[in-house]
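Taken from TrEMBL, the feature domain 'Rab-GAP TBC' covers 1-31. For 20-43, the entry in TrEMBL reads transmembrane segment. Positions annotated as coiled coil by TrEMBL: 79-201, 261-327.
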Amino acid sequence: MYASQWFLTLFTAKFPLYMVFHIIDLLLCEGISVIFNVALALLKTSREDLLATDFEGALKFFRVPVPKRYRSEENAKKLMELACSMKISQKKLKKYEKEYHTMREQQEQQEAPIERYERENRRLQEANMRLEQENDDLAHELVSSKIALRKDLDNAEEKADALNKELLMTKQKLVDSEDEKRRLEEESAQLKEMCRRELDKSESEIKKNGSIIGEYKQICSQLSERLEKQQTANKGELEKIRLKVEGCEKCSILFNKEGRLKAARKMKEGSEEETDEEKEALKNQLREMELELAQTKLQLVEAECKIQDLEHTLGLALNEVQAAKKTWFNRTLTSIKTATGAQGKETT
């Protein structure tokens, strides 16, 4: 009434799988007697509960409370230890068998044949109903398991299709990111080459302007030295002439201590004309030198302006290079993160 399901299904119909696995391991290791040891261990652990119930209550107790008790791994472990430790001798079994047959013969002799057949018929009907119920339960479980498996299979197929689509999209993104990376590398190489050319050009112009500025400074210093020498020479000549005039008696008659003429008006006018011509010549020469110096200073200022423009252009070029490098690095880093994130999702 209760053990047939245990033996037919090897305890898989009601008991948890970790307990069933242990039973199957012992079955393969020690033989068919393990099944009876487990059944006897179940009866022994449920002895008090079974003695306190009637027949129907005992059948219900085997269907619900017994499997529920062994959902705990600790209880299942204790049960298996008890089953392995139980030793049933053949003599004891033969004694039980003999007692059972003797008892059955006595009951058959005491009972009328009709009552015995009716009782046997009721027992067989109950067993048939129980087996039909178990068959219905197993069929329902089988159909439910098939439906669940089909649903899981459909979900797995849908998930596989979604993963394949994500994989294709990830591969396409990877190809696009590689193309973008190659394009950015080419742009970076071109930008570096352009910056290098501009830098070389700027350096050559800076060197050229530096040499021009050095030449202008040298020319200005030479002109300044010439002007100072000329002024010094003129002062020396004037001083010599004044000394000679003071040392000469005739000249001292014509000139006073300040160097002015004392002679007649004609003589004064002639000397004034000569002095004016010399002054005019000196003024013209001084004006030319000042003009040349002004032109030199103007060229120097223009050269400094060009240098400042070149330095400004160089700074802009360096800033563009840095911005290009940062932009390229950020795009590359973003592409790598995107590709890594997509691969992580694909792996998950």
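Cβ coordinates are placed from backbone N, Cα and C, and glycine is handled just like the others.
Long-range neighbours of the transmembrane segment (20-43) within the same chain, counting only residues 6 or more positions beyond its ends whose Cβ lies under 8 Å from a Cβ of the stretch, are 3, 6-7, 10-12, 50, 66, 76, 79-80, 82-84, 86, 88. When the domain 'Rab-GAP TBC' (1-31) is classified with DSSP, helix, strand and coil residues number 21 helix, 0 strand, 10 coil.
Predicted-model confidence for the domain 'Rab-GAP TBC' (1-31) is 88, expressed as mean pLDDT.
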